[in-house]
């Protein structure tokens, strides 16, 4: 029996990492928002590894924070350790990673949602959308509740027609034995969406008190307090370590002997899995010359003994998993608490989306997260935030927000998805970002705070602090560019002590800083500033001056990109009417319907001649309009 | 991209004593000024004025050309952008040198039809021409691609693929270090390892630039020798080629005074005709410089034009010539069809084996088209309507190779400065992309594929 359950501006279906960001963002923009989840105890659940961040992903978390999202703040409050990775490399690839207390993470996020003014959290399994004339107007749950809304965001993760595969066993299920969402998947097909079947997996969990840690290496967090959020002021100092061990030859032997029982190789698994997160059986088969593989033992929280066995993702039968665990140094007598499994699920082919994450097929309907073919909490959260922002802005009849590839990793992620699509679960890698040097961990605030402020997710106080920081950076840069350092004995000493060659002449402070052996601290020693400068400011000054040449090169490329981005392609363009387009290009353009020339030029199968022809065609249209009027 | 400053040779090849290299775009004046030495900086001169000076290579300081440079600021120009026209000495060598100089200082080689396209995009050309512009782009680009592909078959393309693979493996190695910092199986790429890789790539690029057949042809022309017994019409053939194609006679420094070379451009194939003086004077290369020397000249040749007499029997001397050029690219010309036939064409074809045989009457201007067609199809494996296209695609490769080399050098400099490896990676990636442009493959995704096939990853 269907009944009217109320009306909202925005409905978010799902409360995973995409859903929570979407719901919070929409609500904070001022949209009356409903968040529906299959199980209220699964809000912001981490069904896989208990960690947030890492290369590229960690920068996404910073970006989410700079735009006014929640993930950074939440992990800052609930982590068990943090590490800055790649500190020995350049600033562009430094990345923060936290091990999460996955239970605290959930609790904290759920409470934040409950506290949020415009946001209603409700348990319910959505089975159908209300779609009239190609416009989404609400959702209907299994219990018959019909909610209406101006916009709807679907963030169903791996729940869509989810199937767990464990050895010879295969059954319909969402992650972690949750109820799957089957009808919604069928309904999306009815609506005409193309779906693909993807696969991912997770390793077994074991009891900490049965691990012999003496046979493993300790992996502590950093000594320095760290945080993802620019607003975090309270730092967790009491950290828990992770532990490192390795598979043994015996492990590989067990796997080899039992490959015939692996659903991966027996053909039971049909979905495409991610290459960057292979199962242990995959690693052993594909790289059989490797004598061992790393296994990280990661606590799942402070108030539990459950330990995540990173690197041992598998869908081998449970009895084989037990034998594999016992073959690993330190785990000889380990007690397995949950078995690893693979999960297959439906995803929407993401080229069916506009860069706002609204679907092309159904207006006012957005999708975000794993349903769009990605993997990873951070990728999900980044999309969730953008979908929530755009669903909210749309509902409030404001202009939507699209981040460019040169603005953020989130921009790269979404552009890749909607322009190129993906044939495996998509993960962000730093190498996907052509402007990686500009998309750094340290400058996420400089890149994005203003966007967050303009749409209303960043509040006045934080924005003012950001402006003050930005000005301090500019002032200090200008100061160093204007000060001349003479080759005094003190200066020569500092230079040579650090392995540099003596100055022949006087030099601008900024030029001295460009020398590889010099850091801001050295310069400050020689020409101290009157201002008391925050370490975040001096870090910026140092990076911006030291890597000026490279940054400048990247900026020039961005300049060109922007010009192409400013050449807009009307949504209603008729590609069939353009003579001269190659047929493959025509077909791809019709499918992706790029919004700008920049996006068009990134579609595979659209070559430079097609881009030129399209440009000429567009200009022709412009001239025609001018001469008509 | 529509936004680069572009450059191209805007005068037909091999015509006139003056050639023009044209630049268009917002950096046109900057780029020209970087390489120009005259009484005034080009940035300070009035628009639509012309200036005498020299072009110098800013890195080596070496003077390249004596030039007249016109500066025309937009929008009152053909493209409505800033335009600079460099008038230099005509002839393949000098004009190409100027183009290369401009390209290595920041200009991008114009795509086919690009000046016209820009003129259109900037509102310079009216609406009725739009369709024509589109057709032009399509047609010219496709042909340029075909030519490029035709040339790319074989050794050069294999070399470039190999080189790219080497770069790619290094890139993947660095990327793994970045994206999987805790993955202990791959050693950290050190500056020392990186510099070794970079140096080896640079060496191969230099080698390519020096020896690639395409490069050689472009810089020097295809060295061509006309051989044949006395009185078969070698001199007529020379005159015909030179006359038809308005050759520019150039004294090449370093060659002995008695060996004069002439350049002609045959349907886009630049020919360097060797020892033309010899032919003119004595009509017989073997007779004049002796067998040993003629053998040496033959060995140097890329193309042999072997001339036979239609009105005479095939002699042993003729057959010896066939033997002497075995294994080389040869076109057999049976000349003097205006006279009664005495030669046995069957025997000629037998002796010619796989080589093309063309019959001509150079005296009556018969068959010259066939000959030119044979020359062009020999080198581009297909008919070629617009000669300049060949030239462009050749020049494009060289420009890209040069830029790739520059990017590698930048990487090496950066490593020596102690720059973090992920920044050096930017230049290295650039080199990889530039080489990809040569073979029409710059898909970024392959780096990620490489990453996952080369390393066993998963954290």
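Cβ coordinates are placed from backbone N, Cα and C, and glycine is handled just like the others.
Note that this is a predicted model, so its numbers are computed, not measured.
Copied over from TrEMBL, here are the features:
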BINDING   B:22, B:85, B:124, B:459  (6S)-5-formyl-5,6,7,8-tetrahydrofolate binding site
BINDING   B:231, B:250, B:252, B:255  K(+) binding site
BINDING   B:231-236, B:250-256, B:275-278  GTP binding site
BINDING   B:235, B:256  Mg(2+) binding site
DOMAIN    B:221-380  domain 'TrmE-type G'
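All protein chains shown were included, and the count of other CB atoms within 10 Å of the CB of residue B:22 ((6S)-5-formyl-5,6,7,8-tetrahydrofolate binding site) stands at 23. In this structure, B:231 is the one among the binding-site residues B:231, B:235 with the smallest number of other Cβ atoms inside 10 Å of its Cβ. It is 38 Å from the Cα atom of residue B:234 (GTP binding site) to that of residue B:22 ((6S)-5-formyl-5,6,7,8-tetrahydrofolate binding site). Neighbour density for residue B:234 (GTP binding site): within 10 A of its CB lie 27 other CB atoms from the protein chains shown. DSSP assigns residue B:22 ((6S)-5-formyl-5,6,7,8-tetrahydrofolate binding site) to a strand. Classification of residue B:85 ((6S)-5-formyl-5,6,7,8-tetrahydrofolate binding site) by DSSP places it within a strand. A mean pLDDT of 73 is what the model gives for the domain 'TrmE-type G' (B:221-380). The two recorded residues, residue B:85 ((6S)-5-formyl-5,6,7,8-tetrahydrofolate binding site) and residue B:231 (K(+) binding site), have Cα atoms 46 Å apart.
In this structure, the C-alpha atom of residue B:22 ((6S)-5-formyl-5,6,7,8-tetrahydrofolate binding site) lies 37 angstrom from that of residue B:235 (Mg(2+) binding site).
In the structure as shown, the Cβ atom of residue B:85 ((6S)-5-formyl-5,6,7,8-tetrahydrofolate binding site) sits within 10 Å of 22 other Cβ atoms.
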